[in-house]
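Shown next, in structure tokens, is the structure this report addresses.
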Amino acid sequence: PGAARRGKYLPDSELWGVNPGVLSPPRAFFWLVSLLLASLIWFISVHLSDREDAKLQYGLLIFGAAVSVLLQEAFRFAYFKLLKKADEGLAMISEDGRSPISLRQMAYVSGLSFGIISGMFSVINILADSVGPGIVGIHGDSPYYFITSAFLTMALVLLHTFWGVIFFDACEKRHYWCLGLVVASHLLTSGLTFLNPWYEASLAPIFVITLCTGLWAFVTAGGSLRNILKCLSCKG
């Protein structure tokens, strides 16, 4: 929507997309399907409602962002189940009866793939608008729209990577409260973007969430203070 491009608010732009051919690794397919379904739900909701009612349309935008988050997490779970089946098959054909790829490696790669394609979809339309015509902020809107979008996209890529590690570990160990926290933090992050252009109220909490989630993912992946000290001291 035009208001978002002009910097009045910066919703979770996972609702909109570009040519899906720009990135097509298999791991991104599940995210693309969730994007398609969320976009269809939002599109249908808008056309079945009063398009002249600005408050209603803004509410539908928030609804669409929430649906997008829930679908992404649902497809993350579906991808986990698919990888588990594949992992069992690899273990059956291996010589030692173990899969050559660990769950943590699959979680990291899956989360990073989700993050990269999500970041691309978040920033590609903004980059297209940046070439003009027009100047951001010329009508009193925030001139920090593009730099804020860059920081939000960076946080989004990191968060998806961290969420992937935590989510897969929680599914494997059946820690359902961890799954709930992942979904809740994703919803909160998406919701905070609606505070823009009050960037202090959105960027700061999002980066706090990113830092906390990163520490959580680090511990989940087996990291510890001892490992960090060994790394800094260059000891084996």
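Placement of Cβ uses the backbone N, Cα and C atoms for every residue, glycine included.
Here is what TrEMBL says about this protein:
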TRANSMEM  28-44  transmembrane segment
TRANSMEM  56-75  transmembrane segment
TRANSMEM  106-124  transmembrane segment
TRANSMEM  144-168  transmembrane segment
TRANSMEM  175-195  transmembrane segment
TRANSMEM  201-219  transmembrane segment
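Sequence-distant neighbours of the transmembrane segment (201-219) (same chain, 6+ residues past either end, Cβ-Cβ under 8 Å): 10, 148, 151-152, 155, 158-159, 161-163, 165-166, 185, 188-189, 192-193, 195. The listed stretches are 28-44, 106-124, 144-168; of these, 144-168 has the most Cβ pairs under 8 Å to the transmembrane segment (175-195).
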